[in-house]
Amino acid sequence: MAAATMALSSPVMARAAPSTSSALFGEARITMRKTAAKPKPAASSGSPWYGADRVLYLGPLSGEPPSYLTGEFPGDYGWDTAGLSADPETFAKNRELEVIHSRWAMLGALGCVFPELLARNGVKFGEAVWFKAGSQIFSEGGLDYLGNPSLIHAQSILAIWAVQVVLMGAVEGYRIAGGPLGEVVDPLYPGGAFDPLGLADDPEAFAELKVKEIKNGRLAMFSMFGFFVQAIVTGKGPLENLADHLADPVNNNAWAYATNFVPGK
């Protein structure tokens, strides 16, 4: 169950995207922006990821994509069996949710794997398995970040929740509102202070980065789902599960665990 493959770059089948404008992100958001500069095109002509001649979900074996999937947005591979992209307003909302969750999943997958990787290479900083580290907040002694009580010592899950709501609510509000002056046109890719390295300065490179982001984000969401299932079924971290599988793939695989798993035991 080696789910930590978020760095792959092969195309992933995904919900595709209809043509829509930034106004579909909600009337309330548009009124919060004081300026509305024309957004840059998604990509130049000739890109393999955009337009009518883009890469499709089954390559040359793909059927004709629905008429509303024009290849305007990153991650559109012409596949929408359930018709989730048929309604432009519904699609605009789902597209935003997918991008935001993709970003959180990429951060989460890294946070699940990296501490365990360090621990397996001799770095000592307390509990390395992601779900076991988090559960320490419910112990009598509380949780020490990085195993060091002099850094951050947390004892209340409610306090952590409140801090998260305030901090993340402020950042999300800033993003959705278009910055302090409401000058950002696209809340999904706000740029400015959210792009200190200037990765979006080149339109063609930026269009390709959008594709890489959504592809890796979709893989990361599957990875996080796999990490949760592994934690419930095996009680081990993702790297330990990977090591067990490589050592004995016949007895340590998804099918073997699924046929022997008994909830609560």
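Cβ atoms here come from the backbone N, Cα and C positions, even for glycine.
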Checking feature assignment: transmembrane segment per Swiss-Prot, candidates 12-32, 180-200, 243-263. Which range matches?
180-200
Of the binding-site residues SER85, SER156, ARG218, HIS245, ALA254, which one sits closest to HIS101 (chlorophyll a 2 binding site) when you measure Cα to Cα?
ARG218
Just checking, which of GLU98, GLU172, GLU213 (binding-site residues) has the fewest C-beta atoms within 10 Å of its C-beta?
GLU172
Nearest to SER156 (chlorophyll b 3 binding site) by Cα, among TRP79, SER85, ARG175, ASN216, GLN230 (binding-site residues)?
GLN230
